Amino acid sequence: LQCLKAEYGRYFNSKSEARWGWGVNAKFAWFTQETPMLALPVYYMLSTGRLGWNPNSVLLSFIIIHYFRRVFIYSFQLKGGKPTPISLWLMCIVYTLTNGYIHGRYFTEYAKYDKKWLSDPRFLCGTLMFFTGLFLNIQSDNILTSLRKPGEVGYKIPRGGLFEYVSGANFCSEILEWSGFALASCSYPGFTYAFFTLCNVGPRAIQHHKFYVEKFEDYPKSRKALIPWLL
């Protein structure tokens, strides 16, 4: 992924269509490609009766909270974003369908937790990490979507919040979020999802950092790409 440039969003151009296929509207792409990660966990939770204050429902609700915001809030916050190539859009749908199914089935039918798990230090630390990451992710998205005033075009340097430390604040916070979920759930699906999130958005953060450094002469020298003070 570090070697292969994903040409969606700001990197989409006429050559992208030749390589990846025609572009899908950004808002439509985000809404549809994120929906399976919301719909499938909700479906399995309702169909299996896994409701109530128990570890399985609480952990699955973390996923539902994140993707409810992604589908119904973030998708509509986007302002005139460039298209997503249809091949990347379809691959993303396959990915979220697979993960939505795995997490939905696992936490409603297979995961076994003692009732005391909700007071276990691993769950508590992971939950703190998850909601800290969620807060920073929301903050970062709001900073990005409010950069342009109505009628403005072009790119600006994002400032404030985690952006004071890294170019990929939204990516860094999402990695923190899912790492927290992995710890809170101590599950194979949780750890693999955190790992693949890192593999997916980590290179994107480095790509964005290079974009900002090349585009803006006054870009903050101390700002890293993904991990504050390190990378």
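Each Cβ is built from the backbone N, Cα and C atoms, and glycine gets one as well.
No curator has checked TrEMBL annotations; they are predicted automatically.
Which of 27-45, 84-102 counts as transmembrane segment depends on TrEMBL, and there it is 84-102.
For the domain '3-oxo-5-alpha-steroid 4-dehydrogenase C-terminal' (83-230), the model gives a mean pLDDT of 95. Taking H, G and I as helix, E and B as strand and the rest as coil, DSSP gives the domain '3-oxo-5-alpha-steroid 4-dehydrogenase C-terminal' (83-230) the counts 104 helix, 4 strand, 40 coil. Remote same-chain residues near the transmembrane segment (58-78) are listed as 26-27, 30-31, 34-35, 37-38, 41-42, 44-45, 50, 103-104, 107-108, 111, 118, 127, 130, 134, 138, 141-142, 145, 177, 181, 184-185, 190 (criterion: CB distance under 8 Å, separation of at least six residues from the stretch ends).
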